[in-house]
Amino acid sequence: MLLELARWLAQDIRGFNVFNYITLRAVLATLTALTISFLVGPKLIRKLTEYKVGQSVRDDGPQTHLVKAGTPTMGGALILIAIVISTLLWADLSNRFVWVVLITTLGFGVIGWVDDWRKVVYRNPKGLSAKAKYFWQSLIGAGVAAYLFHTATVPAETELIVPFFKHLVLPLGAVSFIVLTYFVIVGTSNAVNLTDGLDGLAIMPTVMVASALAVFAYVAGHLYFSKYLGVPYVPGAGELTVFCAAIGGAGLGFLWFNAYPAEVFMGDVGALALGAALGTVAVIVRQEIVLFIMGGVFVMETISVMLQVGSFKLTGKRIFRMAPLHHHYELKGWKETQVVVRFWIITMMLVLVGLSTLKLR
């Protein structure tokens with residue numbers, strides 16, 4: 001929106017051409033999202049408290065979590081507001097990828113909103129039924145996958161890139177691309193949601209991964225940088241740098257209120273949306289495997305649930321004291337803040353490994 005205004009003004013005042021630089025707009029998107037979070041956050045928290053939009057806590061969870069009952073939830077709406085406004089202000093709105101990620105993010109956010117609303121209104125910690133949730137997630141995920149495949153303008157947009165191997169590129173047909181994209185988007189969405197169980201646990205890894213994806217998006221959308229680093233060139237992908245920067249700013253702003261002891265929880269409206277956003281960006285910039293590496297904490301949390309459920313159904317025994325994984329460590333005696341910070345450190349290490357794939361080929 002502001003980019004178009006700047007381009008119009010640049011016809012008479014050349015200084016406005018500076019807004020054509022993606023890097024500048026990414027910085028401004030971060031600051032804008034951060035500012036919106038700081039300004040809107042306290043008001044939103046007061047409203048959520050006033051309307052008693054409080055978190056329901058599972059009876060079978062760690063006993064230390066019982067004090068969290070009643071803490072305002074659905075704070076993910078704050079994140080989405082900041083991301084959307086910031087992106088609309090600073091991104092190139094003629095870029096199709098910008099609209100793909102915005103629509104996907106908001107679509108999953110709506111699913112999360114309904115899920116949270118049912119938890120609040122009906123006082124049911126399980127919220128929306130699993131079948132209904134996965135149906136709508138699948139519908140959006142498959143739709144986005146089909147759109148991206150059929151609107152691809154260069155072969156690189158539908159190729160699977162294997163990190164650390166310079167020339168290992170796997171062309172994907174329609175079915176394989178759509179299936180892979182579906183699992184990346186839906187899988188990441190649910191993985192972030194599973195991780196969002198402790199104060200600040202999910203949001204900081206999300207910020208770190210989004211920041212790294214911003215780098216990949218910038219490189220993938222830059223003809224010369226992509227060629228130099230051996231990254232597939234995806235025309236238009238650079239604008240996703242602005243979107244990822246908005247996620248980073250909104251996430252840090254939310255962390256201000258979500259840090260232990262949390263004043264507000266993001267709820268499914270935030271977790272499902274953020275996971276879908278990360279997955280969609282990774283697909284567009286062709287870094288699905290790198291996302292798997294950088295989002296290792298999300299992966300571990302998801303696998304722990306799958307192993308726990310599978311083991312209990314097959315043998316009647318549990319592998320972990322409780323799943324997802326963060327609860328296992330809580331029951332082992334780790335303090336909540338220890339689990340959170342240690343998972344942050346792990347994510348930081350994995351993000352650095354992911355970024356190293358830009359050069360180590």
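Even glycines carry a Cβ here, placed using N, Cα and C.
Here's what Swiss-Prot has on this protein:
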{"type": "TRANSMEM", "residues": "21-41", "note": "transmembrane segment"}
{"type": "TRANSMEM", "residues": "73-93", "note": "transmembrane segment"}
{"type": "TRANSMEM", "residues": "97-117", "note": "transmembrane segment"}
{"type": "TRANSMEM", "residues": "134-154", "note": "transmembrane segment"}
{"type": "TRANSMEM", "residues": "168-188", "note": "transmembrane segment"}
{"type": "TRANSMEM", "residues": "200-220", "note": "transmembrane segment"}
{"type": "TRANSMEM", "residues": "237-257", "note": "transmembrane segment"}
{"type": "TRANSMEM", "residues": "264-284", "note": "transmembrane segment"}
{"type": "TRANSMEM", "residues": "289-309", "note": "transmembrane segment"}
{"type": "TRANSMEM", "residues": "338-358", "note": "transmembrane segment"}
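Under the criterion of 3 or more C-beta pairs below 8 Å, with sequence separation of 6 or more, the transmembrane segment (73-93) and the transmembrane segment (264-284) qualify as touching. Here the transmembrane segment (134-154) sits against the transmembrane segment (264-284); at least 3 CB pairs are under 8 Å, leaving out pairs fewer than 6 apart in sequence. Spatially, the transmembrane segment (168-188) is not adjacent to the transmembrane segment (21-41); fewer than three Cβ-Cβ distances between them are under 8 Å for residues at least 6 apart in sequence. Counted over residue pairs separated by six or more positions, the transmembrane segment (289-309) shares fewer than 3 Cβ pairs under 8 angstroms with the transmembrane segment (21-41), which leaves the two as not touching. Only residues 6 or more beyond the boundaries of the transmembrane segment (21-41), in the same chain, are considered here, and those with a CB under 8 A from a CB of the stretch are 3, 78-79, 81-83, 85-87, 89-91, 214, 218, 221, 238-239, 241-250, 252-254, 256-257, 264. Proximity of distant same-chain residues to the transmembrane segment (264-284), defined by a Cβ-Cβ separation under 8 Å and at least 6 residues beyond the stretch ends, is recorded for 41, 44-45, 48, 55, 68, 71-80, 83, 97, 100-101, 104-109, 111-113, 115-116, 127, 137, 140-141, 144-145, 148, 157, 180-181, 184-193, 195-196, 202-203, 206, 209-210, 213, 216-217, 234, 237, 240, 243-244, 247, 251, 254, 257-258, 290-291, 295, 298.
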